[in-house]
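Trainee: From TrEMBL, for reference:
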| type | residues | note |
| --- | --- | --- |
| ACT_SITE | Glu200 | active site, proton donor |
| BINDING | His17, His19, His197, Asp278 | Zn(2+) binding site |
| BINDING | Asp279 | substrate binding site |
| DOMAIN | 12-321 | domain 'Adenosine deaminase' |
| SITE | His221 | site 'Important for catalytic activity' |
Amino acid sequence: MDAIARLIRDIPKAELHLHIEGTLEPELMFEIGRRNGVKLPFESVEAARQAYHFHDLQSFLNIYYAAASVLQTERDFYDLTWAYLQRAAKDNIKHTEIFFDPQTHCDRGIEFDPVIRGIHRALQDGKTQLGISSHLILCFLRHLSPEAAMNTLKQALPYRDWIIAVGLDSSELGHPPRKFKAVFDRARQEGFLTVAHAGEEGPPEYIWEALDLLEVSRIDHGVRCLEDEKLVRRLVAEQIPLTVCPLSNLKLCVFPSMKDHNLKKLLDLGICATINSDDPAYFGGYIVENFQQAATALDLDEHDIETLAKNSFKASFLSENR
Ligand code: HPA
Ligand SMILES: [Zn+2]
């Protein structure tokens, strides 16, 4: 193992862009499916992995939502989250801020309570047993209506102490952040911080809207910011973090190859970029693999790796005192 690989493995890291449903490995998917009597759209663990070839965000989301149908009980959400945390500990993740998508579950008849309770209990055990601190971020599905998002926010209010922020995910194109201004206004009034996926497949205008209308603390993905010089100047001046996900971008064809990824350029421009795994069970790697593949393809040096790790703590909500 070379010096960069050792540094990547050993340096303390925070993960800020991780969909807990996207950590469902096929083995666990089949185990939970069996115990809940849910028939999966795949014949076997191998067939599931074989099906993981995507050409854009939507082709991934179709499979991701289908697989999530095995998750039904509090125990399922606990097991899912606990498996991720054990994996995170191996990668020396010290702090993680995870997304969950309540609408993916509640719209198929699962109650909000077992979803959040299972995740929350695992996060507490992650703190006491693995020494990993964490925050939870509730994401609204942007392909659904703003009214549905508002209902989800209201369902979340009794659990406000377990949720630090709200976010926005799912199909980006055609669903601009402005669609959710009212719900984000209400979320901020209720004391939540805000983040949003923007500029993954969508144009720089979506990043502007996330900043100006949703008043987000950071942008998830945001890699298309380089198409807009004025936006880059703003991101640098205000040190608005981008939670970049290299393997996700590669697997969803946002960039044709890892060598074409703009992460090094983002760093060199002084943007507060971080590395994250997004949906590691589907994109072929957890955080260390994301660092490693980006470092190899883009020739990242020790200083870049240290900057990325420092950025991950700086961009986190650790200083929010909650
Ligand atoms: O990268 C993503 N983008 C949008 N929605 C998502 N849901 C899971 N991962 C993603
Ligand atoms: Zn994401």
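Using the three backbone atoms N, Cα and C, a Cβ is placed for every residue, glycine included.
Locate each feature and note its surroundings.
Mentor: DSSP assigns Glu200 (active site, proton donor) to coil in the three-state reduction, placing it in neither a helix nor a strand.
Look at His17 (Zn(2+) binding site): DSSP puts it in a strand.
In the three-state DSSP scheme, Asp279 (substrate binding site) falls into the coil class.
Around the Cβ of His221 (site 'Important for catalytic activity'), 29 further Cβ atoms fall within 10 Å across all displayed protein chains.
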Trainee: Which recorded positions (Glu200, His221, Asp279) fall within 10 Å of His19 (Zn(2+) binding site) by Cα distance?
Mentor: Asp279
Trainee: Which of the binding-site residues His17, His19, His197, Asp278 have a Cβ less than 6 Å from any atom of ligand 1?
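Mentor: List returned for ligand 1: His19, His197, Asp278.
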Trainee: Here are the binding-site residues: His17, His19, His197. Which has the lowest count of other Cβ atoms within 10 Å?
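Mentor: If we count Cβ atoms within 10 Å for the binding-site residues His17, His19, His197, the smallest count is at His19.
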Trainee: For each of Asp278, Asp279, count the other CB atoms within 10 A of its CB; which of these binding-site residues has the top count?
Mentor: Asp278
